[in-house]
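Below is one structure, written out as structure tokens; comments come after it.
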Amino acid sequence: MVLSQGGEGDAAPAAGGQEPEVPPGREDGPGAVQPCPTPGVEAAGAEERRACGCCSGMSWPFCCEAPGVKKKAACPGLGLFYTILSAFLFSVASLFLKKIEDVHSVEVSAFRCVFQMAFVLPGLIYYKTGFLGPKGKRIFLFFRGFLGSTAMVLLYYAYQVMPLADATVITFTSPVFTSLLAWIFLKEKYSLWDVLFTLFAVTGVILIARPPFLFGSRVTGIEGSYSDHLKGTIAAIASTLSAASTIVILRKVGKSVHYFLSIWYYAVIGLIGCVIALFVLNEWRLPHCGRDRVFLILIGLLGLGGQIFLTKALQIEKAGPVSIMRTMDVVFAFILQVLFLNHIPTWWTVGGALCVVASSSGTAIRKWRHSVKKAKQREI
């Protein structure tokens, strides 16, 4: 949500639009061959040629385990549980953002980038990736950092000036825009189903924004003035487009760049941009209240925790189910908005949320089925 969107394709799936990268070196295809992790187990005669069921019929010792060795059972549903936990942490971080007073969204973003850098720096040193990356990929990394940090600032602004649930729902249009941009720039397939899901997403945004030329001059169920609500809607849409562009860039780069390096560019460029913007806007100020300072720290910690759990979810679960389960982000946003902000969403917002969730879920299901189909074809 608030921290997974922001163009951080390194740790968040498109939900709210945005999918995390899988660490380089992980083989996802069904034909991935790994050496047996149980050395010292000897097989003789026919057993040496016996196929292992967990490795698509490959014979030992090239399969993932030796004959007769029990495979450790994975905990079913653990990846989906991580996804729900990630969505909850992001939602609570967004709630704290709404509770902070007199702190500009750019300053909150700067604090977030500092936390990000502190987390990534040890990883860069440990993996010896360097700080600039391959020469041919630096321009992509720069735009990834610029667009990602821009998406974060715009999203934080949207959360501050419009209802929490409204801004959250708009961010979930990211998968739809990602498919559209991938069709334009990466020549990926864009079918009639994708057109339908795009129309659903646009309809949901219209129901949330409720422009006066369609709904009349008396717009209810918004925070503050309609002018701020409209500005927040535009900022949320621009944030979603920036996040979708980030995903396209990450797909272009692929696994040739370590995901820690991608996060590093996001944090460094974001921090530099935020500091420059704060001096230009003259908005730099520490929170007067100790509670707001605690909220700033918690936003960084909860966002980091949400990223970690979302990344772990994608490492042990397929991207399709994770993307669908991330719609719990919207549910948490509605619940927290009612319980802690005393703002009951209108039926227009609920209708818009249903349209957007249906659109993002449909897009995720289609991508999931397409990937499964390609995996089966490679297996054959």
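In case you wondered, yes, glycine gets a Cβ from its N, Cα and C as well.
Among the features that TrEMBL reports, region 'Disordered' is placed at 1-39.
The compositional bias 'Low complexity' feature in TrEMBL is assigned to 10-20.
Positions annotated as domain 'EamA' by TrEMBL: 78-209 (among others). Model confidence over the domain 'EamA' (78-209) is summarised by a mean pLDDT of 86.
Summarising the annotation, TrEMBL assigns transmembrane segment to 79-97 (among others). Long-range Cβ contacts of the transmembrane segment (79-97) within its own chain (Cβ-Cβ under 8 Å, at least 6 residues beyond either end) map to 1-4, 12, 15-16, 108, 156, 159-160, 164, 168, 295, 298-299, 302-303, 305-307, 309-310, 312-317, 321-322, 325-326, 328-329, 332-333, 336, 340-341.
Long-range contacts of the transmembrane segment (109-127) within the same chain, counting only residues at least 6 positions beyond its ends with a Cβ under 8 Å from a Cβ of the stretch, are 3, 149, 152-153, 156, 258, 260-261, 263-264, 266-268, 270-271, 274-275, 278, 296, 299-301, 303-304. The transmembrane segment feature in TrEMBL is assigned to 109-127 (among others).
If you look at the transmembrane segment (139-159), the same-chain residues 6 or more away from its ends with a CB under 8 A from one of its CBs are 2-3, 5-9, 94, 97-98, 105-106, 108-109, 112-113, 133, 167, 170-171, 231-233, 235-236, 238-240, 242-243, 245-246, 249-250, 252-253, 257, 261-262, 265-270, 273-274, 277. TrEMBL lists 139-159 (among others) with the feature transmembrane segment.
Marked as transmembrane segment by TrEMBL: 165-186 (among others).
Residues or ranges marked as transmembrane segment by TrEMBL: 193-213 (among others).
TrEMBL lists 231-360 (among others) with the feature domain 'EamA'. Secondary structure of the domain 'EamA' (231-360) per DSSP (helix as H, G, I; strand as E, B; remaining residues coil): 110 helix, 0 strand, 20 coil.
Annotation source TrEMBL lists transmembrane segment at 233-251 (among others).
Within its own chain, the transmembrane segment (263-281) is flanked in space by residues 7-8, 10-11, 104, 106-107, 109-110, 112-114, 116-117, 119-121, 124, 131, 133, 141-142, 144-146, 148-150, 152-153, which lie at least six positions past its ends and keep a Cβ under 8 Å from the stretch. TrEMBL lists 263-281 (among others) with the feature transmembrane segment.
The annotation transmembrane segment is assigned in TrEMBL to 293-311 (among others).
The transmembrane segment annotation in TrEMBL covers 323-341 (among others).
Residues or ranges marked as transmembrane segment by TrEMBL: 347-365 (among others).
Among residues of the same chain six or more beyond the transmembrane segment (165-186), those with a C-beta under 8 A of the stretch's C-beta atoms are 1, 5, 14-18, 91, 94, 155, 158-159, 194, 197-198, 200-201, 204-205, 208, 229, 232-233, 236-237, 239-241, 243-245, 247-248, 251-252, 323, 327, 329-330, 333-334, 337, 345, 349, 352-353, 356-357, 359-360, 363-364, 367.
Contact between the transmembrane segment (323-341) and the transmembrane segment (193-213) does not hold: fewer than three of their C-beta pairs are under 8 Å, each pair 6 or more apart in sequence.
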